[in-house]
Amino acid sequence: ARPPATPEGMALAYGSLVLMALLPIFFGALRSVSCAKSKNSSEMPETITSRDAARFPIVASCTLLGLYLFFKIFSQEYINLLLSMYFFVLGILALSHTISPMMNRFFPANFPNKQYQLLFTQGSGESKEEIVNYEFDTKDLVCLALSSVVGVWYLLRKHWIANNLFGLAFSLNGVELLHLNNVSTGCILLGGLFIYDVFWVFGTNVMVTVAKSFEAPIKLVFPQDLLEKGLDADNFAMLGLGDIVIPEVIELFFPYSLKKNTHTYFYTSFVAYIFGLGLTIFIMHIFKHAQPALLYLVPACIGFPLLVALAKGEVTEMFSYESSAEILPHTPRLTHFPTVSGSPASLADSMQQKLSCPRRRRQQSPSAM
């Protein structure tokens with residue numbers, strides 16, 4: 001039996017988990033908005049619809065139950081070996097994508113940066129279609145090489161630091177790429193996962209069994225005996241990545257806060273997440289039992305911003321808000337097709353007038369500033 005963790009060790013472990021959970025949420029929200037502003041609407045990540053949000057807890061339940069049955073029927077060693085190889089590849093790609101913007105600052109101006117393109121097509125002639133069309137450069141290859149070192153370290157040692165590097169990369173990419181367009185969709189998603197998390201943790205032992213058996217970077221861990229054993233510590237506290245990525249309604253409030261020319265809603269939802277996660281850890285410490293974090297995160301992340309909106313009288317405006325329209329204010333949208341006749345030159349002139357007039361009106365509008 002392991003010796004009980006000291007109060008100092010538990011405080012360090014729980015505090016580190018909270019900090020590691022906040023980093024991908026904050027920077028993922030920043031990168032999500034900045035990435036959207038620099039792209040065209042056709043390149044935006046696919047938005048989660050209300051139907052997708054309602055269906056997600058069912059798909060997650062089937063996946064969780066399937067993993068549980070796999071661990072009960074087949075050898076845990078071989079399953080984890082297969083999953084380790086799978087997450088080895090995904091982790092390298094996710095970590096490379098995460099560190100690429102930071103690494104660009106360290107490259108000198110005269111760095112020989114060459115462009116490459118990886119293209120896979122299917123068919124020939126007019127029926128040819130692209131399967132993979134990936135463009136990258138020499139800097140991306142350097143980031144990929146550094147990420148591969150971490151991947152080999154994780155594959156050989158399964159060290160908790162390598163696990164957390166991959167876990168943070170997965171979390172940041174998840175917050176950045178998953179996109180909710182309105183508060184209603186976020187409430188549906190979090191409401192369904194609230195029931196999902198409570199049922200599978202309190203109603204069965206499925207969630208806890210899979211979390212303990214699954215040797216893959218799908219959770220953040222931090223040792224409670226770090227002060228005694230150093231980097232070789234092995235008594236871990238853990239937090240699932242879903243408890244970081246799923247409450248991304250926080251990311252939704254970031255562009256809404258920008259629209260209101262204040263950060264009140266974003267900071268309120270951020271503080272609500274800290275409160276909910278802190279309450280989870282407190283209850284887990286008191287009762288010495290695994291807790292469904294979404295049981296406390298969902299009411300906090302939805303309730304706190306709604307209370308602020310209620311105090312300001314902006315509840316109706318909040319639920320009618322569409323984030324995609326605010327993230328891409330520079331992208332022209334045609335609500336109808338112009339009816340013109342004549343030469344191609346007259347058609348081009350007419351289209352130019354249609355697109356330039358709304359742009360002038362938008363520059364004169366104070367709300368667009």
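Cβ coordinates are placed from backbone N, Cα and C, and glycine is handled just like the others.
The transmembrane segment annotation in TrEMBL covers 12-33 (among others).
The transmembrane segment annotation in TrEMBL covers 53-71 (among others).
Annotation comment: TrEMBL describes 78-99 (among others) as transmembrane segment. Sequence-remote contacts of a segment are chain residues at least 6 beyond its ends whose Cβ falls under 8 Å from one of its Cβ atoms, and for the transmembrane segment (78-99) they are 70-71, 140, 143-144, 146-148, 150-151, 154-155, 158, 165-166, 168-170, 172-173, 213-218.
The transmembrane segment annotation in TrEMBL covers 177-202 (among others).
The transmembrane segment annotation in TrEMBL covers 236-254 (among others).
Positions annotated as transmembrane segment by TrEMBL: 266-287 (among others).
Residues annotated as transmembrane segment in TrEMBL: 293-311 (among others). If one looks beyond the transmembrane segment (293-311) by at least 6 residues along the same chain, the residues whose Cβ comes under 8 Å of a Cβ in the stretch are 186-187, 190-191, 193-194, 196-198, 239-240, 242-243, 246-247, 249-250, 253, 264-265, 268-269, 271-273, 275-277, 279-280, 283, 317-318.
Sequence-distant neighbours of the transmembrane segment (12-33) (same chain, 6+ residues past either end, Cβ-Cβ under 8 Å): 5, 101, 164, 167-168, 171-177, 179, 220, 222-224, 226-227, 236-239, 243-245, 247-248, 250-251, 254-255, 258, 266, 270, 273-274, 277-278, 281, 285, 327. Residues 79, 180, 185-186, 188-189, 192-193, 195-196, 200, 206-207, 209-210, 213-214 of the same chain sit 6 or more residues outside the transmembrane segment (53-71) yet have a Cβ under 8 Å from a Cβ within it.
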